[in-house]
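Asker: I'd like to ask some things about the structure below.
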Amino acid sequence: MITFQNVNKHYGDFHVLKQINLQIEKGEVVVIIGPSGSGKSTLLRCINRLESINEGVLTVNGTAINDRKTDINQVRQNIGMVFQHFHLYPHKTVLQNIMLAPVKVLRQSPEQAKETARYYLEKVGIPDKADAYPSQLSGGQQQRVAIARGLAMKPEVMLFDEPTSALDPEMIGEVLDVMKTLAKEGMTMVVVTHEMGFAKEVADRIVFIDEGKILEEAVPAEFYANPKEERARLFLSRILNH
């Protein structure tokens, strides 16, 4: 479904992603972990061309993302993204935030979009917040609205870029619970996170990246019990003993 072939990304002289080769299948939950500044968020953001690549080929459902002829807006309709900071419109209600893209992009009628928005608010556990404004919500609730907004476009894949790192500790669980439900329902998910418990429980595969390179890929049980790379062992010992 998503394929990186010899992908490289530079910021000027800084080589951010180095020869990335990665295949993500439909229905798979892939968690990308690694130290800060390792390139994991950049890798994620290349999937919907929020970041462009300099070399190599990146395809989503057979469409080359980096081809100039590709209609990236068409591709993005099938890719939901949830950011660290929620990016909700402060002057629109929760319902209006979720309805916006289905009406503008999918050309749904307002009635249909409203029904879709209410359905996904129910799914993320906050149906009673439809008429609230973002400022009236906790961080966890805002992030759940952001997830509902992504789902309302009925994407084929959801990207999560450190979705819990801006949240207070007691709100992290409510967001992870929603993500666990999505994973169980078969949503293709690519997640950048420091939530090791979530990765262990939900991931089909863990990808460890450091200094722009994929150093290790493994199923969680194997990765946690016996990481092959010394750098991965060091990272895990620091994170798990923190």
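Backbone N, Cα and C define each Cβ position, glycine as well.
So Swiss-Prot lists these for the protein:
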BINDING   G34, P35, S36, G37, S38, G39, K40, S41  ATP binding site
DOMAIN    2-236  domain 'ABC transporter'
Asker: In the predicted model, what is the mean pLDDT computed over the domain 'ABC transporter' (2-236)?
Answerer: 94
Asker: Sort out the sequence-distant neighbours of S41 (ATP binding site) for me: same chain, 6+ apart, CB within less than 8 Å of its CB, listed by position.
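Answerer: Counting only residues 6 or more apart in sequence, the Cβ neighbours of S41 (ATP binding site) under 8 Å are D161, E162, V192.
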Asker: Measuring CB to CB from G34 (ATP binding site), give everything in the same chain under 8 Å that is also at least six residues away in sequence.
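Answerer: K40, F208, I209, D210, F235 - these are the non-local Cβ neighbours of G34 (ATP binding site), listed in sequence order.
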Asker: Near G37 (ATP binding site), how many other Cβ atoms are within 10 Å of its Cβ?
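Answerer: Around the Cβ of G37 (ATP binding site), 12 other Cβ atoms lie within 10 Å.
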Asker: Around the ATP site formed by G34, P35, S36, G37, S38, G39, K40, S41, list the extra residues of the same chain whose Cβ is within 8 Å of the site's Cβ centroid.
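Answerer: So the additional residues around the site are I209, D210.
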Asker: Helix, strand or coil for S41 (ATP binding site)? Use DSSP.
Answerer: helix
Asker: Here are the binding-site residues: P35, G39. Which has the lowest count of other Cβ atoms within 10 Å?
Answerer: P35
Asker: Give me the non-local Cβ neighbours of S36 (ATP binding site): same chain, 6+ apart in sequence, Cβ-Cβ under 8 Å, ordered along the sequence.
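Answerer: Those within reach of S36 (ATP binding site), by Cβ under 8 Å and sequence separation of 6 or more, number none.
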